Amino acid sequence: MNWYQISSKEIYQKLNTSEKGLTTEEAQKRLKQYGANRLTEEEKINRLKIFLHQFASPLIYILIIAGVVTILLKEYIDASVIFAAVIINAIIGYFQEYKAEQSVRALKRMLVPKAKVLRDGVERDITSEELVPGDIVLLYSGIRVPADIRLIHTVELKIDESILTGESLPVEKHHHVIKEENLTHGDQKNMAFMGTIVVSGRAKGVVVETGMNTVFGKIAKHIKEAETVKAPLQDKITKFANAIGILVLSACLLLFIAGLIIGESIKDMFMTAVAAAVAAIPEGLPVVVTVALAVGVSRMAKHNAIVRKLHAVETLGSTTVIGSDKTGTLTKNEMTVKVIYDGKDVYEVEGSGYEPKGNILHNGLPVNPKERHHLIDVLRIGLLCNESSVYVENGEYKIQGDPTEAALIVSAMKAGLSPEEEKERYRQIAIIPFESERGYMATLHRHKGKRYIFVKGAPEKVLEMCIKDSFGNEIDRGKILYMANEFAKRGLRILAFAYREIKEEIEEITCKEIEKCDTVSGLIFAGLQGMIDPPRPEAIEAIKGCKSAGIRVVMITGDHAVTAKAIGEMLGISDGKSKVLTGKELERMSDEELFHKVKEVSIYARVSPEHKLRIVKQLKRHGEIVAVTGDGVNDAPALKAAHIGIAMGKSGTDVAKEASDMVLTDDNFASIFHAVREGRIVFDNIRKVTFFLIPTGVASILSIILAMLFSVPIPYVPAQILWINLVTNALQDIALAFEPGEKGVLTSPPRDPKEGIMSRLLIERTIIVGALISAGIVFNFINALESDASLERARTVAVTTMVFFQFFQAWNSRSEYESIFKISLLSNPFLFLSLIAATIAQLAFIYVPTLQWIFRTEPISIKDWQNILLVALSVIIVVEIDKWLRRRWRK
Ligand code: ATP
């Protein structure tokens, strides 16, 4: 069946549909019949793969080899402990990774593309997966075509079909029947194919094929979803853990040789070396990083920022500049017309919001708008050159479409114009929709046997096309722009309105014709309207927050320079002296000049997406870590070029979302700020876990070496070291990944992105703590031996000392500078619970007979307990002193 060869009527018949679309009931029936409109089945999470993945680590191989050798040595208890350790480790890792994977998937599902369809005769947003053959779909710029569609109405529609045809230039489309036979897909100009991108214009069409039956589905049978890319941080950590692993292995080898030299048996030394290796290798670290990232991602989602690429989580934490759009992100995007200029008089408009209530004043006094036809003309053009609507729901005025346009409907209604009546009197025949790049919108109307073109748009743009004003005078552009400027100083967003009567009986309008502007076809200027779009209060707060966090906020807007500046001041981005750089000025600059400018300019106005890309590039040359927002099709290059591209979830196009690293579900600047905060916390938490794991690992090797130096037996048997490793480490390191973030997280400058996990502070502290813990353990061990305890009891004391050292070290790790006495015990309930659990487990280890038998422990005395607690507490005292000194140095 060649859909392109038959008329829309025949298609309606064949697909049993109409231009009003399907009913919901029928659509549901068809969905069952044809299946969901998607290309690949979502791959199920492979549990087995995740579980097996837990074993795929050099660190685990070492354990398994050790286990096997231990069996050969007939040490069956130790062998079972080692294998238990491997399995428990895998189980913990499995659950953590599975949960992380699940939450990342859940977020992905929140980002399924939407499609605009007509169902039951009204416009609806549905997910594109619910589309069925026969649905009537609306296409507009920026979306990916959701199915194969036969076009039935098009307005300046251009589609990028490179994904299908390889042709990089967008193709112009139409809706007329094509009679030729055997056309390639590229030549089927009245069809839109799934997966291609609408670059500009609008269209309406019938879905003819969905899912795997589409052209794209047929060639893409084998397309698989891209594998989730790992965050660089995960790679870094895995490398770091492996490096530490090698270091530890070499240390253990030395330990083994040293042991043999001082006369220990090969078997004992082998077991000890293996156990020390196991204890010191931070095999938990990679899992913890995955967990910390997943915790960050889900906390960000709670604050309306959906991470699409994991690397964004860590990069956000070191962001130094945020380049943000204005309308809707920094401002509320709730427009209300405040002033009207009709070419002679200025009117103020009362009222707020979308309720059409409020007087129109001239010189402070209400006027009867009906008596002022120039005023009415301006308002009528605003009302009719419009694609949006205002409606009442539960007694509240709501809008559908673009807030700028809705505001124009409301101002017209305040003057007594009725949208329905006006639309009836001035029937719309054709439309050129608004596109930021073009700067204006135009419509063609029929009225009492005549035809009119109505135009609205940015004043500079509209005035370029005008030759006269509505009083018949030649256009005085200077005067009108001066007027517009005066309004803009109040932060108002200005639109200009123009019209022209057309003699010919045309049915279509084109940009070329409208922009001609000669004596015959020039437009007549009707007037201006200025609307406020108040700053979001939470954006003002967030900008303040960014300042104290050392992050610069830059506004990059399509709006007028004067408006942008005024709003910038209200938001606190700029002050009276700040310079604004406009797109025109930027155009004349070389990259080198722009490079010097970007350091000082905080507001860019009337910029196009290409300018945005240049700004991002120059900021990056300064070494800044740049986050930038965008919503349009052409914003994609800038979003990709930035370290973090942020797309708008509500107003953003599919193309912008696909190019982004993060999507804001509420389009709100404040959400970016929250995400930065979470990004910083994630990194901090990974550091905390590292600072917890590394010193305790170092201490387990050091204490064995120390014992050898003092010629006393080794303070633990291998099974005991494994116990420490499993019970205390595994519980607490994961708990630390859930730390809520410190007070200073938003008052310190961004982290240097080059800085690794181990900062100088952490290395120094690791040495101090590692030495202290090992000394403490050996001290308690020798002490017990000297007070005539059995070797078993002395070892139980040593292990318990280690456990409590770790216990306190976990608290120490909660902050690099802050005293632990200033951090609430309950602010991380996971840590609190993990400590309680570890204590109970340790009591069982000492007092439960079966565990005594497995781990060769013996009950210890009150005196032993005193020693253990006193010695272990020293790590708090020492680290507290270190923190205090560093706080003083920092000041
Ligand atoms: P930002 O990039 O901060 O979101 P913006 O939304 O203000 O900026 P644009 O939407 O490109 O930028 O608007 C630029 C100008 O185009 C506005 O100042 C206004 O004069 C005009 N304009 C905006 N919306 C419309 C519309 N629907 N119809 C006609 N003109 C419009």
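For all residues, glycine too, the Cβ spot is worked out from N, Cα and C.
Record features (TrEMBL):
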type: DOMAIN; residues: 2-75; note: domain 'Cation-transporting P-type ATPase N-terminal'
type: TRANSMEM; residues: 50-73; note: transmembrane segment
type: TRANSMEM; residues: 79-95; note: transmembrane segment
type: TRANSMEM; residues: 240-263; note: transmembrane segment
type: TRANSMEM; residues: 269-295; note: transmembrane segment
type: TRANSMEM; residues: 689-710; note: transmembrane segment
type: TRANSMEM; residues: 762-782; note: transmembrane segment
type: TRANSMEM; residues: 823-848; note: transmembrane segment
type: TRANSMEM; residues: 868-885; note: transmembrane segment
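Counting residues 6+ beyond its ends, the transmembrane segment (762-782) has Cβ neighbours under 8 Å at 687, 690-691, 694-696, 698-700, 702-703, 705-707, 710, 712, 715, 794-795, 797-798, 801-802, 805, 809, 812, 816, 867-868, 871-872, 874-875, 878-879, 882 in the same chain. For the domain 'Cation-transporting P-type ATPase N-terminal' (2-75), the model gives a mean pLDDT of 85. Here the transmembrane segment (689-710) lies next to the transmembrane segment (240-263) in space: the count of CB pairs under 8 Å, restricted to residues six or more apart, reaches at least 3.
Sequence-remote contacts of a segment are chain residues at least 6 beyond its ends whose Cβ falls under 8 Å from one of its Cβ atoms, and for the transmembrane segment (50-73) they are 79, 82-83, 85-86, 89-90, 93-94, 97-98, 101, 241-242, 245, 249, 267, 270-271, 274, 277-278, 281, 283, 286.
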